[in-house]
Amino acid sequence: SASRRKMNLKSERRGIHVDQSELLCKKGCGYYGNPAWQGFCSKCWREEYHKARQKQIQEDWELAERLQREEEEAYASSQSTQGAQSLTFSKFEEKKTNEKTRKVTTVKKFFTASSRAGAKKEIQEAKAPSPSIHRQASIETDRVSKEFIEFVRTYQKPGQDIYKQCKLFLDTMSHKRDLSIEEQSECAQDFYQNVADRLQTRWKVPPEKVEKAMDEVEKYIMTRQYKYVFCPETTDDEKKDLAVQKRIRALHWVTPQMLCVPVSEEIPEVSDMVVKAITDIIEMDSKRVPRDKLACITKCSKHIFNAIKITKNEPASADDFLPTLIYIVLKGNPPRLQSNIQYITRFCNPSRLMTGEDGYYFTNLCCAVAFIEKLDAQSLNLSQEDFDRFMTGQTSPKKQESDTFSPDVCLGVKQMCKSLDLLSQLNERQERIVSEAKKLEKDLIDWTDGITKEVEDIVEKYPLEIKPKSQALAAIDSENVENDKLPPPLQPQVYAG
């Protein structure tokens, strides 16, 4: 598919193009795939994941058996050190056994046939859950809990059963905080599957009512689990969020024309749709329930389709949608984007991601993020030189376009572009002045050093010599015996006018 995409780029000069088949599970089951599941759908990914885990367990056991044989051979040949070696290996064997037991029982079923005594015990546990469940609940958690109780009452006995199982699940999860997020995710997925199976097989609930019940179950348990499983510290979700955010900021200069986006924001109605789409994708982070986050993605996508339809005056195609979604993500730079995608992938009811419009739009969002991480000059229809200059901030395509305004462009936009241009010029002048000031400072320092050196050289060449005092001269008005024969001083003549 990568080579096909490159051919498309060369022939059509289209930067963004994905065949619809590429969005589907690579195993060919017909459901939507997901980059987080290496291109598989939820169902196929779990099968692959289980196979990989079972393979790992098998390899561990083979390793243990081989080491056991080697230990027995060593024991037979060397009696002197048998105590210490046997003790060491027995500890290893015990550790491996515990490891296998832990792995096998990590994903255990929550529902098993039990005796009446066991059932009574479960009911007591549901009525009196562990103290960890009685934590300080938020207003939203209280509201969701009340709504869930009201909902299950409408289902009567199946509802009571659902409520009891949800309480047991939350109690179980409170003791599994130290498990990896993948293992917690698998516990949640098992729980969804088992509740759905229980409603269909044991209580014979119709499919549409099962789907409604599963939505409420997800809402209830994930509202309570949210703060423990969203962007956990044990993962690198936060690091990925920052990397994507930094990448999107670096691509702030990308224009709709570069992405071949068929949306004209000069049309007021289209501009409103773009703003709503950006608002929806940003709002995703404020939701707690995976289904509510998905709903934000779906609303955003529908606004995009409407914006394309109004601009082109015809229905949008898939080739129009993905570039526009990328543009919206670049303009919005949604907070904690990767964390939200991971949270939905791990804890959403899998049927929502595998089929339907929610699954389609979510898969496209995952593709959009993957494209943003790999956007290059070719996919944006740019030369490598221009791309590098835009990425480093040396220039901006918006600046180049600011001189050619259409007559109906808003006055404020024109003024803003002029102001940006002026700021750019002032920035250049400022940089030039700073550069000249630094040069002047260096010249002054060099000049001072030069003068100092010259003075030192002259002083060294012509050292200061202090000569002894010569005989003092006689004062003019002192008694001068030798000049007694001089005439007396002239007397002033009075002039009688």
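A Cβ is built for glycine as well, from the same backbone N, Cα and C atoms used for every other residue.
Those TrEMBL annotations? Automatic predictions, nothing curated.
Source: prediction; values computed, not measured.
For the ranges 72-91, 172-191, 232-251, the feature annotated in TrEMBL as region 'Disordered' maps to 72-91.
As stated in TrEMBL, the feature region 'Disordered' covers range 478-497 out of the listed 98-117, 378-397, 478-497. The residues of the domain 'A20-type' (19-53), classed with DSSP into helix (H, G, I), strand (E, B) and coil, number 19 helix, 2 strand, 14 coil.
Residues belonging to the domain 'VPS9' (238-381) score a mean pLDDT of 94 in the model. Note: the domain 'VPS9' (238-381) comprises 105 helix, 0 strand, 39 coil (DSSP; helix = H, G, I, strand = E, B).
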